[in-house]
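*Asks:* Look at TrEMBL and you will find C74, C78, C81 tagged as [4Fe-4S] cluster binding site. Taken from TrEMBL, the feature [2Fe-2S] cluster binding site applies to C118, C151, C211, R283. Here TrEMBL flags 345-356 as compositional bias 'Acidic residues'. According to TrEMBL, the feature domain 'Radical SAM core' maps to 59-288. Taken from TrEMBL, the feature region 'Disordered' applies to 335-356.
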Amino acid sequence: MGSLGVTGKVVACDPEVASSSRGNTSCRNAGYLWRNLANMVSKSWNNIKLLSHGWKTHSKSWLKANMILAHGGCSEDCSYCPQSSRYNTGVKAQKLMNKDAVLEAARKAKEGGSTRFCMGAAWRDTIGRKTNMNQIVEYVKEIRDMGMEVCCTLGMLEKQQALELKKAGLTAYNHNLDTSREYYPNIITTRTYDERLETLKHVREAGINVCSGGIIGLGEAEEDRIGLLHTLATLPTHPESVPINALIAVKGTPLEDQKPVDIWDMIRMISTARITMPSAMVRLSAGRVRFSVPEQALCFLAGANSIFTGEKLLTTPNNDFDADQNMFKLLGLAPKPPNFPEYEKDSEDEKMEASV
């Protein structure tokens with residue numbers, strides 16, 4: 001299966017060697033990667049084989065807390081999203097949350113074992129939001145001072161805004177591709193696929209980790225799931241985090257009648273993402289609330305090593321925090337500590353010494 005080296009070229013296409021040293025020198029052909037993705041997503045591989053290969057690159061699990069800073073009123077027409085002002089979903093527009101509420105939520109998340117705190121806003125982009133962006137920059141700085149990683153998802157970013165967030169200490173920026181380039185116009189018309197890729201480029205060039213994945217259950221074909229993973233796996237550098245979301249159909253949206261995603265479809269996407277992007281944190285994201293503990297255990301076995309915690313994701317319900325803690329204990333999964341660059345670790349040590 002495919003993995004990318006630092007040059008961004010496909011260097012490991014055979015699933016048998018994806019996690020081995022041989023994967024560093026074989027199969028430099030993106031077409032071969034596509035064919036292997038097709039075999040995995042389209043059920044040519046049996047589920048046990050996929051689980052086996054996904055498990056080979058498993059690591060400690062990452063708890064990530066999520067908080068939405070500004071609800072509703074979004075001008076975009078994403079067919080799955082109750083935050084859109086175009087749909088009658090009962091979500092009302094809300095101003096940016098105040099600093100005290102955000103920092104209190106971050107403290108509770110850290111106390112509960114989360115190592116990363118993600119803040120999201122229902123915005124198309126950040127243009128013309130200078131006051132709000134200044135506030136968010138301050139939130140990022142203060143949460144980093146708590147010793148947590150910080151992630152944001154605020155819509156499209158300009159280059160300068162990405163640089164400002166990096167300077168504040170932002171760890172990662174989430175901007176999903178959602179689906180394949182070909183199926184994308186069926187889901188969203190107010191933002192192009194290339195605009196999404198441009199935001200990822202700005203984030204990467206600013207030195208911020210990229211968090212980008214997609215959603216299954218939108219009505220897409222298997223080829224579209226392949227296309228999504230192929231695009232992610234052939235970026236110049238793999239995303240550090242790859243969220244795999246299962247659609248939760250929300251009443252009032254154009255996709256309200258979509259059938260729930262089958263657990264084995266979720267497992268196949270997770271395992272294929274894990275094999276294709278072996279160093280990424282593959283996140284079991286939206287839709288997890290529908291899966292039982294044994295089903296989630298299979299997702300971890302397939303290669304998922306990160307989840308969102310908290311009562312609510314950006315737009316949909318999430319699993320109960322205590323239930324997640326009990327699941328982690330039951331499965332013997334260990335939280336992954338925050339990962340800061342060496343120069344930042346030195347700075348943290350200096351702060352600790354100063355406080356003593």
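Each position is counted from 1, following the chain as shown.
Heads up, the Cβ atoms here are built off N, Cα and C, so glycines get one too.
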*Asks:* When you measure from the Cβ of C78 ([4Fe-4S] cluster binding site), which residues in the chain that are at least 6 apart have a Cβ under 8 Å away?
*Replies:* S84, D178, I187, I188, T190
*Asks:* Round to a whole number and give the Cα-to-Cα distance in Å for the pair C151 ([2Fe-2S] cluster binding site) and C74 ([4Fe-4S] cluster binding site).
*Replies:* 20
*Asks:* Whose Cβ, among the binding-site residues C151, C211, has more other Cβ atoms within 10 Å than any of the rest?
*Replies:* C211
*Asks:* How many other Cβ atoms are found within 10 Å of the Cβ atom of C81 ([4Fe-4S] cluster binding site), counting all protein chains shown?
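*Replies:* Step by step: centre on the Cβ of C81 ([4Fe-4S] cluster binding site), count other Cβ atoms within 10 Å, giving 24.
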*Asks:* If one measures from the C-alpha of R283 ([2Fe-2S] cluster binding site) to the C-alpha of C81 ([4Fe-4S] cluster binding site), what distance in angstrom results, rounded to a whole number?
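*Replies:* That separation, Cα to Cα, works out to 19 Å.
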*Asks:* Whole-number Å distance between the CA of C118 ([2Fe-2S] cluster binding site) and the CA of C81 ([4Fe-4S] cluster binding site)?
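*Replies:* Just about 18 Å between their Cα atoms.
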*Asks:* So what's the average pLDDT for the domain 'Radical SAM core' (59-288)?
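*Replies:* On average, pLDDT over the domain 'Radical SAM core' (59-288) sits at 88.
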